[in-house]
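Undergrad: Have a look at this one.
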Amino acid sequence: MESQQLSNYPQISHGSACASVTSKEVHTNQDPLDVSASKTEECEKASTKANSQQTTTPASSAVPENPHHASPQPASVPPPQNGPYPQQCMMTQNQANPSGWSFYGHPSMIPYTPYQMSPMYFPPGPQSQFPQYPSSVGTPLSTPSPESGNTFTDSSSADSDMTSTKKYVRPPPMLTSPNDFPNWVKTYIKFLQNSNLGGIIPTVNGKPVRQITDDELTFLYNTFQIFAPSQFLPTWVKDILSVDYTDIMKILSKSIEKMQSDTQEANDIVTLANLQYNGSTPADAFETKVTNIINRLNNNGIHINNKVACQLIMRGLSGEYKFLRYTRHRHLNMTVAELFLDIHAIYEEQQGSRNSKPNYRRNLSDEKNDSRSYTNTTKPKVIARNPQKTNNSKSKTARAHNVSTSNNSPSTDNDSISKSTTEPIQLNNKHDLHLGQELTESTVNHTNHSDDELPGHLLLDSGASRTLIRSAHHIHSASSNPDINVVDAQKRNIPINAIGDLQFHFQDNTKTSIKVLHTPNIAYDLLSLNELAAVDITACFTKNVLERSDGTVLAPIVKYGDFYWVSKKYLLPSNISVPTINNVHTSESTRKYPYPFIHRMLAHANAQTIRYSLKNNTITYFNESDVDWSSAIDYQCPDCLIGKSTKHRHIKGSRLKYQNSYEPFQYLHTDIFGPVHNLPKSAPSYFISFTDETTKFRWVYPLHDRREDSILDVFTTILAFIKNQFQASVLVIQMDRGSEYTNRTLHKFLEKNGITPCYTTTADSRAHGVAERLNRTLLDDCRTQLQCSGLPNHLWFSAIEFSTIVRNSLASPKSKKSARQHAGLAGLDISTLLPFGQPVIVNDHNPNSKIHPRGIPGYALHPSRNSYGYIIYLPSLKKTVDTTNYVILQGKESRLDQFNYDALTFDEDLNRLTASYQSFIASNEIQQSDDLNIESDHDFQSDIELHPEQPRNVLSKAVSPTDSTPPSTHTEDSKRVSKTNIRAPREVDPNISESNILPSKKRSSTPQISNIESTGSGGMHKLNVPLLAPMSQSNTHESSHASKSKDFRHSDSYSENETNHTNVPISSTGGTNNKTVPQISDQETEKRIIHRSPSIDASPPENNSSHNIVPIKTPTTVSEQNTEESIIADLPLPDLPPESPTEFPDPFKELPPINSHQTNSSLGGIGDSNAYTTINSKKRSLEDNETEIKVSRDTWNTKNMRSLEPPRSKKRIHLIAAVKAVKSIKPIRTTLRYDEAITYNKDIKEKEKYIEAYHKEVNQLLKMKTWDTDEYYDRKEIDPKRVINSMFIFNKKRDGTHKARFVARGDIQHPDTYDSGMQSNTVHHYALMTSLSLALDNNYYITQLDISSAYLYADIKEELYIRPPPHLGMNDKLIRLKKSLYGLKQSGANWYETIKSYLIKQCGMEEVRGWSCVFKNSQVTICLFVDDMILFSKDLNANKKIITTLKKQYDTKIINLGESDNEIQYDILGLEIKYQRGKYMKLGMENSLTEKIPKLNVPLNPKGRKLSAPGQPGLYIDQDELEIDEDEYKEKVHEMQKLIGLASYVGYKFRFDLLYYINTLAQHILFPSRQVLDMTYELIQFMWDTRDKQLIWHKNKPTEPDNKLVAISDASYGNQPYYKSQIGNIYLLNGKVIGGKSTKASLTCTSTTEAEIHAISESVPLLNNLSYLIQELNKKPIIKGLLTDSRSTISIIKSTNEEKFRNRFFGTKAMRLRDEVSGNNLYVYYIETKKNIADVMTKPLPIKTFKLLTNKWIH
């Protein structure tokens, strides 16, 4: 029975009894055991509340039941062993308790565990005497002590006493940690005192007041054992018990001795940290006090070295001694003795000056009394009204400063000044006043509030309407607490304490008075010039005097800094009693923290939660009384109103009522939030949260996706954390029915670990309220933190993590405890916390340069999980760091945008709050700011790619990152950065350098090529054979010299001259010097490879020009060279490094024949246009061939593949059926049917929105008179061919709106019901890109319009019928159409004719010939795409005029007027455009791709290394035949079409760099092998990784007289199946890429020259059409140019020889090019292969080359 009772006795939870007494609560001269009555009373009240919530079972246990342990242990479980105690038992009433007695105050069984085998164990009988409770009810401290009246009664008297008094004694809390033993002992001693055992407690000398009895010793021993388990005892206690396990008295005596010692040490440390000295006391006394403290600490083992001691002393100096703070910059090794010598010297000088001062104003005793009564305090900064310029004044805005704490400032007197004074009195330093040369101040005691204030003077302020003064000594006839409302220049209220008169006695013996207001909350004493003018006194800044209107000089004006001042010596002191003015000053010790500051510090939690937390000590360091709660009720935080805005309050009590009780960490709630869009790839898009049911402890983890393996990793992590940290096992996890939780992988994992998944039931959202409310709370906090700090959105999860840390430490109003307390963890030390987004400076100890700034501006995010550091965001490095080496930036607002956070700043409050933590770190951790050997603990844990939304440059104003000077030199405010805030460093990331901290000019991204490489048409291969062309004699010396270099390079451009192998000097377009490069002809190579005569004569013309430019046409107005420079100047060509000319040996030998098996190609392109591919080494350096394609996907095969050629036969494949299947494959359905959207839609909110959209569409149809509503027709009477099926489709647009559309089934429309000759025209993409480019260059306004229900404006000519909409309920009837319904074959053409006619007739537009849907007049250009219109105009009013005309006929909606001069964002035909007029335009599709790609079900690899190129050279598609069944074949073909369809859409819109890969894979849609699918997945993965890339355009130079249209062409010879060549073209208008094309040549070419001719001929027609369009839209002259890297092609175009064309196909193409060049002013120029950006259109390239050719125009 005893063991069963013992097992049922639960442990007493930590903190359930009275709170522990900390060293903070013990004063210097107070006994450590003498806890104040108020504190004890609060402790008793808290304990009473805690015990009142606990249930007690009288029959089983007197100890309150712990709610954390709801499930009792079975009786069969053996009793737990408690450390060294051999056995446990239960002391019943028959053994040790007198009848009716227990230390809980009512009959019960006491947990009693004596040593039964020890001689000290005496089982007491029923008559044993135990101490009784007092008969009177009162506070525990009022209980009579045992020594004064300790009485013992029998059990009967005890019963009567307990019946009458009902006095309860509360037990001490359970000891849960060795570190908590000192605090626990205090509560245990109070427990003994309340139990009338105070007399047995040892005193300071170690002896009790009276002798302890055996029964008392037994009681003492058993209670100590119960509440102090042995596993939680400190080592020194265990040592005592190991000698004598009953010597509890010795433990108590030693504990009291330690408390005495610790109290003295704590008091010394606090005193040393808060030293203040301003000369008001003798310097000898101050030195003695400090020396004694330091000696005591050193004797007690706390070593305070000179460095730290001097730092602490100087920190407390003020007044005349303040400048000694900066002595350490000159004397780093200053000792305490040397510092006190300086203090003594200043004190003696100060005393001497005081003795010599006249005392006609006030006597010394008055000054002392005033000093004591008006001790100055630190106040929040308040900016006074700005002095404005009057006459010749040069006044500037007064800056805000903290009010310092000096009581005695230097005083000066102004000497007499003659009336003829005209020279200004210019003071360079405030200390000039007390040099005794010109001016001295009056003896009026004045407080120096600001560093840049002139002591003893009033600031002249022309902008202030009232005079304000901080000192009450000059106020006459004062009245307290006036009802006056005063605001500063920023419209912030200034509290006014009193109003009175300010009396002047000027040097001409005249007296004047003005009204003055008293307030201590200003930075300067302000003298209003307006009030002086009211009494006929003006300030003359020419003479620098105050004078009357008659010219009488009254007083001089002193200029100090940027302001003008007048001395206070002219003020008459008052005899006012200082205490009559209320709240003039508040002492430093009683000043409270403002509530807005605490509100912001604690993550914007509400006031009630903060007060509960402070009351229950879940937030340490300060108490509830330290906060000013006066403004908490009415305070409205603007950031909370914005960030936490909700529709309505959450319904309370929405938890499941039937949920069982579990022990801590056995029942978890979890939920996932996300995705968050428009973030960089490195930022998480989701987070998953967990909440413990019992403790309400919360965890959050970031996620980049919601895949099964990602969720499984998080579950594995948190289960291991709970098991290891809390020794608990999770039994149940409650979650919703999302696929991330219901998948098979997670279900098996939970089943394997014995965890029960608890899913929410259908339509039961209340069951998941815990997790959902947590996510809502965290998101509210996140929005508020980002709004408050102004940090970029990609740091959103850091705000979530900061909020989680704080929320776990805040007390719940219901349980009165925090989650950390429930979990048994210590409270949050707020002194280690910084506000989210707090500006800081992080130290860089290892810069590249010694003159480089060592401070990196950053923003504090949250405490680190993995160290004692802080996570800080560094915008300049685009990183977050984990470091303790930072300094809080003072005097700067934390917001990064243009809004001010608040009227208050909290620099002083933050200093006070963190002073203790920052000042008493180990001495080896306190570093000087100018120490050149500081280490750092930078741990750059993550690289953050910044969102285009950059942080605002508030920090750049304080510490410019581009400056080479230290941050402290920029503003005076930065001088006030506390040096003690520098944390101890550990290690620094070696990657921090000047290059990545400071912005610099844009560096070239050109790679340093260290090997001799040939890149014929872009393919880079190392040459291991001699080249063909010998060096000319003119360049032999230069080449020989260059060949001696170890790092030499050569050009990859070779002459196409077959007979003359001389070098051709090349004019570099990249700004490098001319080079001599050998040239090799394509024809010579063809001879050696193919062994037959060339198909085209490539002989050069008669004049072998040494210049590489071969223009065919020379205009009369522009020279060839100028034309070439004009065309190439603005092209986005790569910058190449300068190359040294290289000497080449003998010509090539006979080349081996080409391998016939290599006629096929791949994404790697085996047949580069370089004719030497067959002889080049395939081995490349690791750097060149690096692909960064490291993925975990098993389906991606990286083996060498031999060919892209599709198989000539497929087993078990019906080819004709497959081709038809491909043509009939339907696109991805993104819409819903009527039954899906409305009838069976279980989402009530979404269903309501679709119903609303449905009725809106029906109303629009009726409004437009879409059908004849007068007559309904019977189905049997109408020809079935004229009946068109109809349906409603529903979809959700990207902006979140729900839309319904009534459409006709045009896909099954009979051909007799429409005219097949009619066409539905839309604007061509090249026309749109051309218009956008011209708009940028000409500063056009771009207006985007949308015409609602456009097709319904067009009448229909044919007789067609449709079924009525479902809501009419007439299934057997038909209605006749009158308008062009969406879906009909003829609707698009009807609408085009309708809108075209209206634009021409009513709007005065005309359609550009050859370019459908492009309309123009003299002012406006319109691009039409169905119902979307894009208007371009130089004058916005012209656009508005067109809009007005359109609105007369059509329902026209303005999507974007485009009137702003800032960046404007458009969504035009799928392109996401960012346009700033006159500057730039960026085109991308990031949002669209983020939405569409995940829907393709492609196995994306977000955690793997991101791809740097869409493919890699050297990979070939196998020739193996497909052996799959027909169903699988169709499924894969369908998948290929979806993937390639999306890729083609993106590629032809703006991602022209992907067109080669898209075109090559598109040729294999009918060959969906595993390898082809893998390559397609790789392409989609690259698109996903680079979805944020944009096509970048910059405005053309305004001085350019012409429009320049250029086509850059390239071809890759024979690298496609059946020896076909790949050709590619890129089109540029004024240097901006507007289009591109990559395709397989239709004819088989027999040489590289033929392939290049074919590529150029394909580009000419589009070039001419674009030229016509540009001339129609813009009247500037146009220059057309063609660039190619084939010299032989240029020679053929220029030549007039027609005899050597081998066949007519390419002969006609060449002749056509000659005609174009000669007749259409087309210029043809040569471009180096390394600069030919069209190379990406014809072959796969190494990563470096791919980036080099594309990073100038798409990034």
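For all residues, glycine too, the Cβ spot is worked out from N, Cα and C.
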Undergrad: Quick check: of Asp1337, Asp1346, Asp1355, which does Swiss-Prot put in the same Mg(2+) 2 site as Asp1427, Asp1428?
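TA: Only hit among Asp1337, Asp1346, Asp1355 in Swiss-Prot's Mg(2+) 2 site, alongside Asp1427, Asp1428: Asp1346.
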Undergrad: For the Mg(2+) 3 site that Swiss-Prot describes with Glu1652, Asp1685, which of these is also annotated: Asp1602, Asp1610?
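TA: My reading of Swiss-Prot gives Asp1610 as the candidate in that site.
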Undergrad: Checking feature assignment: region 'Disordered' per Swiss-Prot, candidates 1130-1171, 1256-1297. Which range matches?
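TA: When 1130-1171, 1256-1297 are checked in Swiss-Prot, region 'Disordered' belongs to 1130-1171.
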Undergrad: Under Swiss-Prot, the annotation region 'Disordered' belongs to which of these stretches: 432-451, 932-951, 1092-1111?
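TA: That would be 1092-1111, the stretch labelled region 'Disordered' in Swiss-Prot.
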Undergrad: To the nearest whole angstrom, state the Cα distance for the pair Asp671 (Mg(2+) 1 binding site) and Glu1652 (Mg(2+) 3 binding site).
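TA: Per the Cα atoms, Asp671 (Mg(2+) 1 binding site) and Glu1652 (Mg(2+) 3 binding site) stand 60 Å apart.
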Undergrad: According to DSSP, does Asp1685 (Mg(2+) 3 binding site) sit in a helix, a strand, or coil?
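TA: The three-state answer is coil.
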Undergrad: Taking the Cβ of each of the binding-site residues and counting other Cβ atoms inside 10 Å, which one has the highest number: Asp1427, Glu1652?
TA: Glu1652
Undergrad: Compute the C-alpha separation of Glu1652 (Mg(2+) 3 binding site) from Asp1428 (Mg(2+) 2 binding site), stating it in Å without decimals.
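TA: So the alpha carbons of Glu1652 (Mg(2+) 3 binding site) and Asp1428 (Mg(2+) 2 binding site) sit roughly 39 Å from each other.
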Undergrad: For Glu1652 (Mg(2+) 3 binding site), which DSSP three-state class applies?
TA: helix
Undergrad: Of these binding-site residues, Asp671, Asp1346, Asp1428, Asp1610, Asp1685, which scores lowest on Cβ atoms within 10 Å?
TA: Asp1346
Undergrad: I'm trying to understand the geometry here, so how far is the Cα atom of Asp1428 (Mg(2+) 2 binding site) from the Cα atom of Asp736 (Mg(2+) 1 binding site), in Å to the nearest whole number?
TA: 42
Undergrad: Taking the Cβ of Asp736 (Mg(2+) 1 binding site) as the centre, count every other Cβ atom within 10 Å, in any protein chain shown.
TA: 18
Undergrad: What is the interatomic distance between the Cα atoms of Asp736 (Mg(2+) 1 binding site) and Asp1610 (Mg(2+) 3 binding site), given in whole Å?
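TA: Pair distance, Cα basis, whole Å: 56 Å.
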Undergrad: Can you name every residue in this chain, apart from Asp1346, Asp1427, Asp1428, with its Cβ inside 8 Å of the center of the Cβ atoms of the recorded Mg(2+) 2 site?
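TA: Sorted by sequence, the hits are Leu1345, Ile1347, Ala1350, Phe1425, Val1426, Met1429, Lys1453, Ile1455.
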Undergrad: Does DSSP give Asp1428 (Mg(2+) 2 binding site) helix, strand or coil?
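TA: Assignment for Asp1428 (Mg(2+) 2 binding site) reads strand.
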Undergrad: In whole Å, how far does the CA atom of Asp1427 (Mg(2+) 2 binding site) lie from that of Asp1685 (Mg(2+) 3 binding site)?
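TA: That comes out at 43 Å between the alpha carbons.
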